[in-house]
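Inspection log for the structure reproduced underneath, given as structure tokens.
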Amino acid sequence: MLPPYFLFKEMTDTQYIGRFAPSPSGELHFGSLIAALGSYLQARARQGRWLVRIEDIDPPREVPGAAETILRQLEHYGLHWDGDVLWQSQRHDAYREALAWLHEQGLSYYCTCTRARIQSIGGIYDGHCRVLHHGPDNAAVRIRQQHPVTQFTDLLRGIIHADEKLAREDFIIHRRDGLFAYNLAVVVDDHFQGVTEIVRGADLIEPTVRQIPLYQLFGWKVPDYIHLPLALNPQGAKLSKQNHAPALPKGDPRPVLIAALQFLGQQAEAHWQDFSVEQILQSAVKNWMLTAVPESAIVNSTFSNASC
């Protein structure tokens, strides 16, 4: 039986619940807006709830004040969420409960292998510590893979096939430095919040291959997935904080929203100057067509650092 702290009490109805879950490693940029807007429109078009979660579980990567700035940016662009913001930094007890349960069930083990060793064997962990019975000192925790996912269905892209070696890897769920791994925290929180569909960027397809097995280990219903196209800079790299993509403009949000809608293949108001942010979004929800969203990544120089 799962610990009650992180067990989600199943909802009595089948309401759609989506979410946007940024990490506070910097301000939102155009690529972030694509993910936020796509998930928002999908939720609102389904008469569902749209939640926001701040994934602040990796302090070394976080920028002071970025979380608050992200929330202000969402509001400035008219993307208003339902309920309270969930902060992963306040969910450590739930992650500990999840780790303890997996350990008690024999579904995880301690690993002392270094990155250098794993790189030396090709970059995919080989299960070296599975039967060595290490203790917790100076060790990471790995899942004992029971349900390798070699393919899954994406509602935009169809069946996505995964690298079999990657799918079978015993991946880390608690880091050697004591931080909770992204994949564990995301699954525990998405289940806790009752998320029924995850709409996010295509750069997160690989983590999906790791997250679905965690749902299955916990005995939870797996949500649906949609992976949106990525915005690229002229050099072909994903717009990201690491690549110094500029923050979303602080002025009139409407032209940026129109550009984001067009990026997603959606009908956009031709005379947007005559409409408010709220009216633009209302129209976008009414006319939202997932089938019109392109699958491929798209170069967008307008909001990349090439235009700065």
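Including glycine, each Cβ sits where the backbone N, Cα and C put it.
Annotation source Swiss-Prot lists L-glutamate binding site at Arg19, Phe20, Ala21, Pro22, Ser23, Glu55, Tyr182, Arg200. Arg200 (L-glutamate binding site) falls within a strand segment according to DSSP. Note on Arg200 (L-glutamate binding site): other Cβ atoms within 10 Å of its Cβ, all shown chains, come to 22.
Cys129 (Zn(2+) binding site) counts 18 other C-beta atoms within 10 Å of its own C-beta, drawing on all protein chains shown. Residues or ranges marked as Zn(2+) binding site in Swiss-Prot (evidence: sequence analysis): Cys111, Cys113, Tyr125, Cys129.
The feature ATP binding site is assigned by Swiss-Prot to Lys241, with sequence analysis given as support.
Counting residues 6+ beyond its ends, the motif ''HIGH' region' (22-32) has Cβ neighbours under 8 Å at 54-56, 58, 61-63, 66-67, 69-70, 73-74, 201, 230-231, 238-241, 245-248, 256, 259-260, 300, 302-304 in the same chain. The motif ''HIGH' region' annotation in Swiss-Prot covers 22-32.
For 238-242, the entry in Swiss-Prot reads motif ''KMSKS' region'.
Highlighted in sequence order, Arg53, Ile54, Val186 have their Cβ within 8 Å of the centre of the Cβ atoms of Arg19, Phe20, Ala21, Pro22, Ser23, Glu55, Tyr182, Arg200, the residues recorded for L-glutamate, and are not part of that set. Within the same chain, the residues at least 6 positions away from Phe20 (L-glutamate binding site) whose Cβ sits under 8 Å from its Cβ are Ala35, Ala36, Ser39, Tyr40, Trp50, Leu51, Val52, Arg53, Leu74, Leu79, Trp81, listed in sequence order.
In the three-state DSSP scheme, Cys111 (Zn(2+) binding site) falls into the strand class. When the Cα atoms are compared, Pro22 (L-glutamate binding site) and Cys111 (Zn(2+) binding site) turn out to be 29 Å apart. Least packed by the Cβ count within 10 Å, out of the binding-site residues Ala21, Cys111, Cys113, is Cys113.
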